[in-house]
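K.L.:
Pasting in a structure now, in structure tokens, and then I'll have a few things to ask.
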Amino acid sequence: MQSVETAPTTRPATLPAAIGGITAYVVGYAVTYLWQSDAVGAALQSYNAVLALLGGDPIPTWTAVGWLFYNAHAVAFSTPAVGGSRLSRNLIIDGNAPLVLLLVPAGLLVVAGFIAGRHDGTPRADRGLRVGVRVTAGYAVAAVLGVALFRFTAGTATVHVEYALGVLVAGIGYPAVFGAAGGALAAVTR
């Protein structure tokens with residue numbers, strides 16, 4: 001009787017993909033900052049002048065660029081409005097920032113998923129999907145930290161990324177979809 005040996009099925013490694021997710025987040029913010037910080041700083045001048053008149057601290061450019069980075073994930077930031085309500089803003093969708101910024105996180109996540117897929121070495125698209133989606137592990141952690149970090153408070157007023165959407169859409173949805181696409185692409189182009 002002949003025995004048929006099969007290769008053991010191994011689980012895709014999460015750590016390299018998670019590191020890719022963290023890297024994609026950091027590079028995405030850095031690209032957004034380097035590209036848009038001058039425009040964001042100029043746009044903040046009038047707001048910061050009013051805050052200075054009221055004795056408040058200025059909105060840091062790096063914080064506002066963080067809001068813009070989350071806008072590139074289709075996640076708004078929330079500002080105080082008249083009557084104690086809140087107003088959600090997405091500068092890209094509103095036409096106040098380049099539309100091509102939407103490609104920054106998506107493109108970097110496809111690249112991270114692709115690299116994770118190549119690192120795994122699988123020629124199967126279904127496994128490539130599973131490998132690529134693992135960039136979510138790192139990207140989600142970075143996105144949660146970003147949601148906490150990119151907030152500004154003056155008195156009782158706070159401007160911040162929409163909390164739930166920042167975590168669910170930017171931290172989980174984007175890397176799951178685009179990381180998986182990159183992982184599958186790596187597998188089918190081997």
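Cβ atoms here come from the backbone N, Cα and C positions, even for glycine.
Per TrEMBL, the features are:
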DOMAIN    5-189  domain 'DUF7978'
TRANSMEM  15-35  transmembrane segment
TRANSMEM  47-70  transmembrane segment
TRANSMEM  97-116  transmembrane segment
TRANSMEM  137-157  transmembrane segment
TRANSMEM  163-188  transmembrane segment
K.L.:
Same chain, outside the transmembrane segment (47-70) by at least 6, Cβ under 8 Å from its Cβ: which residues?
P.N.:
28-29, 32-33, 36-37, 40-41, 76-77, 89, 91-92, 97, 101, 104-105, 146-147, 149-152, 154-155, 159, 161-162, 166, 170
K.L.:
Could you tell me the mean pLDDT over the domain 'DUF7978' (5-189), as a whole number?
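P.N.:
Average per-residue pLDDT within the domain 'DUF7978' (5-189): 93.
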